[in-house]
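Quick look at what Swiss-Prot lists:
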type    : residues                                                 : note
BINDING : Gln42, Tyr43, Arg44, Asp45, Lys46, Asp77, Ser116, Lys146 : 4-amino-2-methyl-5-(diphosphooxymethyl)pyrimidine binding site
BINDING : Asp78, Asp97                                             : Mg(2+) binding site
Amino acid sequence: MTLKFEPTQLRAYFVCGTQDVPGQDLNMVVQTALDAGVTAFQYRDKGNSQLTTVERFALGQQLRERCAQAHVPFIVDDDVELALALQADGIHVGQKDDWVTQVIQRVANQMFVGLSCSTLAEVQIANQLEGIAYLGSGPIFPTTSKADADPVVGLTGLRQLVMTASCPVVAIGGITVAQLPAIAATGAAGAAVISMLTRSPDMAATVKAMLTATEGH
């Protein structure tokens, strides 16, 4: 049974793949994050990942089950076939991936769809589409986690995107704990992070800071 999308799922959104935690067991990293209280998990295994297609699917099955047990949405990045095979709760696509309308048609009524938007023009186009649950906007700050990241948006740019968007926006890119209140003040529904959690010495405290920042917004 897939979970329906709720804006509160964006409050503490964890994005991760094997390439982000070299030498570590991604299963254990994700379980620690789930125990800490993350509100969504995106399986983004790409870039420097060494996994084969079969290995990526097998690991995805394990992660999907962990998320299901925690009642946290399991979201697959980019890969429609993988998302369908794993019966994911959601799929996140970028502007350069399969055109989002095709993705929406493929996964209709099976999972929710998130779309990366980093410019006002992209948000305005997304507003015209049926079937977009949320937008991922950024990078808000410079990031080292994505080699193909778009130009930095900044807090002012994020506020404009949030005001323009007709669905919830989650901020992504180069975010630190200290910046969480300022991000929440823009009206963003939450933050999507990779290294802020994978490199955290205390993941529970970091997730708590993410949740605290979005209280009352």
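Going from the start of the chain as shown, residues are counted 1 onward.
Note that Cβ sites are derived from N, Cα and C of the backbone, with glycine treated the same way.
Within the group of binding-site residues (Gln42, Ser116), the Cβ with the highest number of other Cβ atoms inside 10 Å belongs to Gln42. Note: the Cα of Tyr43 (4-amino-2-methyl-5-(diphosphooxymethyl)pyrimidine binding site) and the Cα of Asp78 (Mg(2+) binding site) are spaced 10 Å from each other. Burial estimate for the binding-site residues (Asp45, Asp78): highest at Asp45, by number of other CB atoms within 10 Å. Among the binding-site residues Tyr43, Arg44, Lys46, Asp77, the residue whose Cβ has the fewest other Cβ atoms within 10 Å is Lys46. Between the C-alpha atoms of Arg44 (4-amino-2-methyl-5-(diphosphooxymethyl)pyrimidine binding site) and Asp78 (Mg(2+) binding site), the distance comes to 8 Å.
DSSP gives Ser116 (4-amino-2-methyl-5-(diphosphooxymethyl)pyrimidine binding site) a strand state.
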